[in-house]
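This report refers to the structure that appears directly beneath it.
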Amino acid sequence: MKKTKQPVIVLVGPTAVGKTKLSIHIAKAYNGEIISGDSMQIYKGMDIGTAKITSEEMDGVPHHLIDIKEPDESFSTAEFQQLVRMKIKEIAARGKTPMIVGGTGLYIQSVLYDYTFTDEKSDPAFREEMALFEQQHGPLQLHEKLKAVDPDAAKAIHPNNVRRVIRALEVIHTTGQKMSEMQNGHQEVPLYDTAFIGLKMDRELLYERIHQRIDMMIDEGLIEEVSALYQSGLKDCQSVQAIGYKELYTYFQGDCSLDEAIQQLKQNSRRYAKRQFTWFRNKMDVTWFDMTPPCHFSDKKEEIFAYIAGKLGLKAKL
């Protein structure tokens, strides 16, 4: 008798495409609980820059893996995989539907597929050498090093995320294995019965929404939020490598004007959105739904509910 896989709903897409609102509608319709698939929303005190969902927006839907780490703590893909798989079991045991929402492709891929990690080997001297190289030549040159030896990992990791770039280089250095190939047998069949929903939008409109979101973040206190982290002495932590924090750090360090930092933030956010879409399109079996106006939210929601019903056999509570 064939073993039935656990149904899981996954909602992905680039930043500012509208995942948050739709995720709540889906969770309510399918008695779901949401697991954050965002690599930076795990950090406490980093609310505005990560576009963290508010308690009002949650509207009573339980959310997991938000605010579980201090900003000075590190967090790995392997740890994320372990925590999410545990949460999926816990949610299912309560008779609820597990749902993953986010945009960090490698993290989500590690959960859904038979993705195993090499032993956590490290070489402090090599890391120090790469950190010195980055200080002398800048993050783009360091990223080029990674691109030369592991192009797939380079596509998934932003040049500003120096810690992850160095870690990917360190994996190759210590194990001889590419981080992007740490997938057992390149297993392509998901471990779960997955309804994989992707949201997309006309690029120019998406970029406009990204700019509006950043302007809103600044109005809501992003500069003050980043300043508090900077003043607390957090300088080389994984958390402040995130888009929205790294750029403003250059301003606080006196390397550029505030306007230049904001423009760089907008540019990096656009590039990241493009990379997010490319990653999910190329790496996973996503069914895409176009959210470009004049589509009506209610009509698009019904399309997605029909897809979930066909894929998982789940009936929405309307």
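The backbone N, Cα and C atoms fix where each Cβ goes, and this holds for glycine too.
Just so it is clear, the model here is predicted, and its values are computed rather than measured.
As recorded in Swiss-Prot, the features of this protein are as follows:
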- Gly13, Pro14, Thr15, Ala16, Val17, Gly18, Lys19, Thr20: ATP binding site (BINDING)
- Thr15, Ala16, Val17, Gly18, Lys19, Thr20: substrate binding site (BINDING)
- 38-41: region 'Interaction with substrate tRNA' (REGION)
- Thr104: site 'Interaction with substrate tRNA' (SITE)
- Arg127: site 'Interaction with substrate tRNA' (SITE)
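This view paints the features noted in Swiss-Prot onto the structure.
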{"residue": "Gly13", "record": "ATP binding site", "Cβ neighbours (10 Å)": "26"}
{"residue": "Pro14", "record": "ATP binding site", "Cβ neighbours (10 Å)": "27"}
{"residue": "Thr15", "record": "ATP binding site", "Cβ neighbours (10 Å)": "20"}
{"residue": "Ala16", "record": "ATP binding site", "Cβ neighbours (10 Å)": "23"}
{"residue": "Val17", "record": "ATP binding site", "Cβ neighbours (10 Å)": "24"}
{"residue": "Gly18", "record": "ATP binding site", "Cβ neighbours (10 Å)": "15"}
{"residue": "Lys19", "record": "ATP binding site", "Cβ neighbours (10 Å)": "25"}
{"residue": "Thr20", "record": "ATP binding site", "Cβ neighbours (10 Å)": "17"}
{"residue": "Thr104", "record": "site 'Interaction with substrate tRNA'", "Cβ neighbours (10 Å)": "20"}
{"residue": "Arg127", "record": "site 'Interaction with substrate tRNA'", "Cβ neighbours (10 Å)": "16"}
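Cβ proximity to the substrate site centre (mean Cβ of Thr15, Ala16, Val17, Gly18, Lys19, Thr20, cutoff 8 Å) flags the following additional same-chain residues: Gly13, Pro14, Leu199, Arg209. In the three-state DSSP scheme, Arg127 (site 'Interaction with substrate tRNA') is classed as helix.
The ATP site is defined by Gly13, Pro14, Thr15, Ala16, Val17, Gly18, Lys19, Thr20, and by the 8 Å test on Cβ atoms against their centroid, the other residues of the chain that qualify are Gly103, Leu199. For the region 'Interaction with substrate tRNA' (38-41), the model's average pLDDT works out to 91. Under the DSSP three-state reduction, Gly13 (ATP binding site) is assigned to coil, being neither helix nor strand.
Under the three-state DSSP scheme, Lys19 (ATP binding site) falls in the helix class.
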